[in-house]
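A short write-up of the structure that comes next.
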Amino acid sequence: MIKLNLFNERIMPMMRILDSHAHLDHALFDTDRDELFESMAQAGIETAIIPGVSPERWSKQLDVAKRYSCPYGLGIHPWFCADNPQQALDLLTDKLNSYIEDPYLVAIGECGLDKIHKDNWHGQIIALQAQLSMAQQLNLPVILHVVKAHSEMLAMLKRYSLPRGGVIHGFYGSLAIASEYIKLGFKLGIGGLILNPSARKLRTCVAQLPHDSVLIETDSPAMTPRNAAESRNTPLILQSIIAEIATLHKKTSVLISEHAFRNTVQLFDLKLILI
Ligand SMILES: [Zn+2]
């Protein structure tokens, strides 16, 4: 029996998998969060990074992160940003001061720019600038949400050179844009959109991305893949994302997952958290 297990491990090495971006504090997980974490463990998903989105939601986010030992970011998402975000930014400064010694605080974010929700564009810019300078001062990476605003984001990142870079989460763009981010020290978070056969631009781009630039993520409960059984997304689709990237790269899932795991651990400095 023991021999058989060893043999199986050798031919099928266990993939180490992390969800680099999942909002597992969301109310859609309130009824079955324990079961979801149990299913994740059974599927070999070790943990998920939970990004922060707004002052109103930080306290529940921190409770969930603590209960399930998840690393997390603290930040103000562009959708939840007031025209004058100064009050929220002051609260963010206070929160960061309280949690800066917590090894599970691994990033500033999620913050960014979103032109689909551009009613608060002015506030988005102010909040992003402030959060980039917090990342600089605290020497933390940033988790960035960028929708239809790559040129503005790239210009901003050139002004604030961040020692630890960050990730463009849920990346959707061309290889040329991806290369600009990579040059600035950023990784690209690839999520469930890659499973959509009509996402041709993204699939072409991902097929050519260097292995050391890719993180995998689900953005759960958002970004549910087409034809999924559940209306909410969960980290349980990570293996399909890995398999799809592997197919595009003509490599094995093990190789892709190893790179994505290592990239995530390095970017967010998770080695003290993960055994
Ligand atoms: Zn998100």
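Any Cβ shown, glycine's included, is placed from N, Cα and C.
Cross-referencing ASP219, ASP269 against the divalent metal cation 1 binding annotation in TrEMBL, which names HIS21, HIS23, GLU110, picks out ASP219. You'll find the Cα of HIS21 (divalent metal cation 1 binding site) roughly 7 Å from the Cα of HIS169 (divalent metal cation 2 binding site).
Around the Cβ of ASP219 (divalent metal cation 1 binding site), 22 further Cβ atoms fall within 10 Å across all displayed protein chains. In terms of Cα spacing, the binding-site residues HIS23, GLU110, ASP219 that come within 10 Å of HIS145 (divalent metal cation 2 binding site) are GLU110. Listed in chain order, the residues near the divalent metal cation 1 site other than HIS21, HIS23, GLU110, ASP219 are ALA22, ILE50, PRO51, ILE143, HIS145, HIS169, GLY170, GLU217, SER220, ALA222, each with its Cβ within 8 Å of the site Cβ centroid.
HIS21 (divalent metal cation 1 binding site) carries neither a helix nor a strand DSSP state and counts as coil.
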